[in-house]
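Asks: Just passing along the structure, written as structure tokens.
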């Protein structure tokens, strides 16, 4: 996934400014020149550097940096150096830092989570969910990929994902699958969320491409996969475990016969990676 020039990023800056930066404008002349550097204050995985470059370029500031998204950074590393209008540097400071810190925090947590899972099973994919911040979804999803996980569905048109509320309205797992198969292009995979062994078996037998085992314990998931093996359909479906999976229990799920572990935790509970801007 590539982030293209995005005017919403610049709009974020002007939303932050309001009518004007009254502090900077009252203290600093228009022709004042300055140099700045952004320093990492803790170890992590860098994300958001493309956005920082975009903002800096937009304001015609000169930039120097050898870092790219996905780089491992350490406390004390200078990840960006740039110079130009002192007013523009100060005016854009917080927006640049917010993007870098927030997205690097996600990439760092994702990286740690993937490492934890792959110690038990390097073949399991870690995936995000759609539990993202409104307006920041595409950036947070990119940070997930930078950290080494799968972005999962990006938008509602990416694939069919039949959830519990769909099933409740339609009338059952089989009915929901049949309607999706009748009405959706063959080019789209069909995933269905289930919470019981019985529904998982129905989903596998009636042609689901992906079965999401939602809020099941490791023991319950093992029962599902064993039963699917007995019916010779385990290898016909992708098994995804989701719901209530966190860093403190994810290794229990990584030991199971599953293909994907998805977790909202990696986007909605990540702590920002601490960084700061200094005028040099």
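Glycine too: its Cβ is placed from the backbone N, Cα and C atoms.
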Asks: Can you find which of 142, 163, 230 TrEMBL lists as binding substrate at the same site as 94, 129, 130, 131, 153, 193, 214, 242, 243, 244, 263, 264, 265?
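Replies: Of 142, 163, 230, 163 joins 94, 129, 130, 131, 153, 193, 214, 242, 243, 244, 263, 264, 265 in the substrate site that TrEMBL records.
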Asks: Please list, in sequence order, the residues in the chain of residue 153 (substrate binding site) that are at least six apart in sequence and whose C-beta is under 8 Å away from its C-beta.
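Replies: The answer is 130, 159, 161.
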Asks: Over the domain 'Quinolinate phosphoribosyl transferase N-terminal' (21-104), what does the predicted model average in pLDDT?
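Replies: Across the residues of the domain 'Quinolinate phosphoribosyl transferase N-terminal' (21-104) the model's pLDDT averages 96 on the 0 to 100 scale.
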Asks: Most Cβ neighbours within 10 Å: which of the binding-site residues 94, 130 is it?
Replies: 130
Asks: Between 244, 264, which of the binding-site residues has the fewest other CB atoms within 10 angstroms in the structure shown?
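Replies: Across 244, 264, these binding-site residues, the one with fewest Cβ atoms within 10 Å is 244.
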Asks: Which residue among the binding-site residues 193, 242 has the fewest other Cβ atoms within 10 Å of its Cβ, if you could check?
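Replies: If we count Cβ atoms within 10 Å for the binding-site residues 193, 242, the smallest count is at 242.
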Asks: Determine the C-alpha span of the substrate site listed in the record, that is the greatest distance between any two of 94, 129, 130, 131, 153, 163, 193, 214, 242, 243, 244, 263, 264, 265, in Å to the nearest whole number.
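Replies: Between the outermost Cα atoms of 94, 129, 130, 131, 153, 163, 193, 214, 242, 243, 244, 263, 264, 265, the distance is 40 Å.
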